[in-house]
Amino acid sequence: MASASGFPASFYGEPGVLGLLANGISAFLVLLQNFHGARTGVPAEGVENILAGVHLILIGGVCQLVAGLISFRKYDHLSGTSFVGYAALWGSYGATRIFLGANQQSPNLFNESTLINNTIQDLFTDTSINKTDIPMFIKESAIAGLVPYILLSFLLAFCSATVNYIMPFVFGAITLTLIFEAIGLVAGWALVVSGVLELLILLFAIYGSSALLIKGLAQRYVLKGFGNPLFNVLLLGTTNASSSQSLGQEKKKNTKYAEPMALGFFCDTVSPFIFAFYAFNYFPSVSVAAIWITINSAAQLLASYYAYLRQDCYHATKFGLHCVFWLVKTWEEHVVSVTVGWTEAGEVRHAMVGNWFFVSAALVFCIASLHKDTLELVHNSFFVLVTISTISQIPIERYYIFFGVTCSLFTLLSYYGTFARLINTIAEKSLIPVGPQPVSTESLQKYLSYLKRSKIEESEDKGAQLPDALFYLSNGVAALSAIHSIQPGLAFFDLTVPWVLIPGAIIQAYVSRLQVQGGQRFGSVIPSFYVAIWATWSWFRFAGHRLQISTESANGFAAGAIAFLVINAFLILVAAYNNLVLLALTTIMEVIIVCFLLSALGRLPYQLEVAMLAIFAIICLYGMLASLVNSIFSKTLIPVGPSLIKNKKKKESETTYPCFIANSRETSGLLKTAKSLENNGVCGIPTDTVYALAASCKNPSAIEKIYSIKDRPAEKPVCICISSVEQLVAAKPPFSPLLWEFMRNVYPGGISCIVPKGEWLLKLGVGPAYDRVGTRDSIMIRVPDHTTTAHLCEFTGPLAITSANPSGEADSTHHDMVINRLGHKIDGVLCDGESNELVASTVVNCLKIDEGTISILREGCVPALKVRQIFERVKSNML
């Protein structure tokens, strides 16, 4: 949660101030409109609504999104989920206001009452209705969007009561406000009640943000409201052993960032809820609802991103899959509502097969979640039903009924999942039942390993494994969706555009960004190139009739296809250095590009293109399964084949590096690194967790260089690293017996202790760096359980260290990652191969240990439960 007083270094600035103020100001903007309408009797319309919508997007959406992103980096589960969720709400509501204002300025003369009683099936068969006359049903869409946020806001208000007693009032007032805003869309009197509640939101937000701002400045709680919950979260239940074990297994992966699972379930509640309203014909046009679902899907993509930062391939891919699905279905229905028309859509949908890849991918996740908890498996199973309900071959008279029912069931399960994930992450133990593991991890690995028959050495790139599953997913959906017959009809082309463009270009651009951030600079080339291919494919093959592409323009596309062929030939060579699956994928893509060239020349062999796209999709499905499973278990269970071309290792003397390279297993390497540190250098060094940047405490200017090297915020101080507890004893710090005993039990190891600062640091050897490490009153100390690091500290004295990665990016788990990412900025790297852990140390605040309490500021490689058990054991032994 919020950082403990005296040590803000582990976190960014307090984002709760920005988040609460964004909610308060947004409510105030709506309040002004509501009270003005009540006083004058003239509701806001036209430009007033447009301007209000823009302000809601900027303040309630963008500003609050920033607060949510910072909260995730602060390991604040509740605030991260809440602020991102409310950012999606205010952004969507602001967009609705803009639509409403624009629609009022140029009203559609078509009478909505003639449609409101029609069913979707009627619209399919009623040829008297022109597709361009369908109104947007703005108010109905807004109500459908507000209702799930009302339910989720109530949930957030309840969960926040386990943390403090300010946020429950803010979130509770938002919940009531949303209720009356929804009623106010059909009954004007409710807007007055909504205005009163919005005034309460503003007052609560001002007080809460003031309390947090003063706390940040004074480094202690001055105003009441934070620091103490309304009730203890432990009152909600007792820990379930099997579920707790499953939760702990996931936490060992990465706890540097807050867990995004609750946000992912949050988004899986909103999108299907809106679709259920649409499927049951509450509004027959999805134009405005598409904005709500798109913004919500963007929030779900953020959940995928933070799962990736936590090195959690499973949730990164799962939330990415769900995001793609909701986006594709939303904009397909938008095309049906606005462009194609229901009659034509009903005739051409039978030829669409892209949804079968979603069904297959959902089944893959059912397999991958067998070793998770029961809730996860059931949630994935219901998502399979949702994907099945949208298969285009289902008769249209049953299609929407089936879709609406499955969306309703999926919404209920996702709502429970949001509650369970949020409470369990706040409590850091399983209080809300999520069920045991259906299949043990060992058994699942055993079953999956049957696919691996050969013992040929596989090429593994752990840094690139995390986004690989999403790479195969996005390409598979795009390829299978691109399949069509010789004369499919123009309506088919219109409906296919979102199926190819969204996964193939938009989501794959996100995958490319993940590849870059993971240190795999060259690994981003293939997804970036395929973004261009699928985007070009969409606009030429499927949107060409809308763009009215001439013969001369088609020749330009043909020239571009030739360039694609040349570039992809190079990528085939690159893939030969990786694995057979990627090699097969790029090779088939070469044939697909040939088909694209022939289509630009008017000589397309349809049967060949269909066969190649189908084979491409099958390879993608297998690649997704293999990448997902292999990354989840951090070992090759499903083979992807060896590299066809072996990369010969060059001698170190023949390789040019941006900085010096030293071997940790050689004394000369240690001495070289120590000498560089003594000479005001900054070096990458191994530790018992992940790689770190180190500078000697004798050189304050070197410590300052660390900040510019990492782009590290100035308010985040670095910690010091020493060789042993005995080195600390020699400095004679005035620690209590309890603190000494606790440190002797956790050092050396993957735990960092925050202790009071004092003159004893000068005796320790910190010297000139006293003001450059820690905060004014506290210091974080590391004693790594790593022979190389211990010997290095004996040579140099105390070192100032921080993780060896650009600020905000994933930790470096191999010396190659340090060299590739920071080698051009630092003096050298002490190479030790793979790191022992995937995450940094666990940070423990010991400033109040004499009062009998410690707090976990960041859970790392050592689980928080184990730290507390050690402390309780030490404390009981001291009595």
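Note: Cβ is positioned from N, Cα and C throughout, glycine not excepted.
Copied over from TrEMBL:
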type	residues	note
TRANSMEM	12-32	transmembrane segment
TRANSMEM	141-163	transmembrane segment
TRANSMEM	169-192	transmembrane segment
TRANSMEM	199-218	transmembrane segment
TRANSMEM	260-280	transmembrane segment
TRANSMEM	286-306	transmembrane segment
TRANSMEM	400-419	transmembrane segment
TRANSMEM	490-510	transmembrane segment
TRANSMEM	522-542	transmembrane segment
TRANSMEM	554-574	transmembrane segment
TRANSMEM	580-601	transmembrane segment
TRANSMEM	613-633	transmembrane segment
DOMAIN	667-862	domain 'YrdC-like'
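Long-range contacts of the transmembrane segment (169-192) within the same chain, counting only residues at least 6 positions beyond its ends with a Cβ under 8 Å from a Cβ of the stretch, are 20, 23-24, 27, 30, 34-35, 37-38, 43, 82, 86, 89, 93, 139, 142-143, 146-147, 149-150, 153-154, 156-157, 160, 198, 200-201, 204-205, 208.
For the domain 'YrdC-like' (667-862), the model's pLDDT averages out at 89.
Between the transmembrane segment (400-419) and the stretches 141-163, 554-574, 580-601, it is 141-163 that has the most C-beta pairs under 8 angstroms. Under 8 Å from some Cβ of the transmembrane segment (490-510) lie the Cβ atoms of residues 301, 305, 320, 323-324, 327-328, 331-332, 334-336, 339-341, 344-345, 347-349, 351-352, 354, 470-471, 473-475, 477-479, 481-482, 484, 527-528, 530-531, 533-535, 537-538, 541-546, all in the same chain and six or more residues away from its ends.
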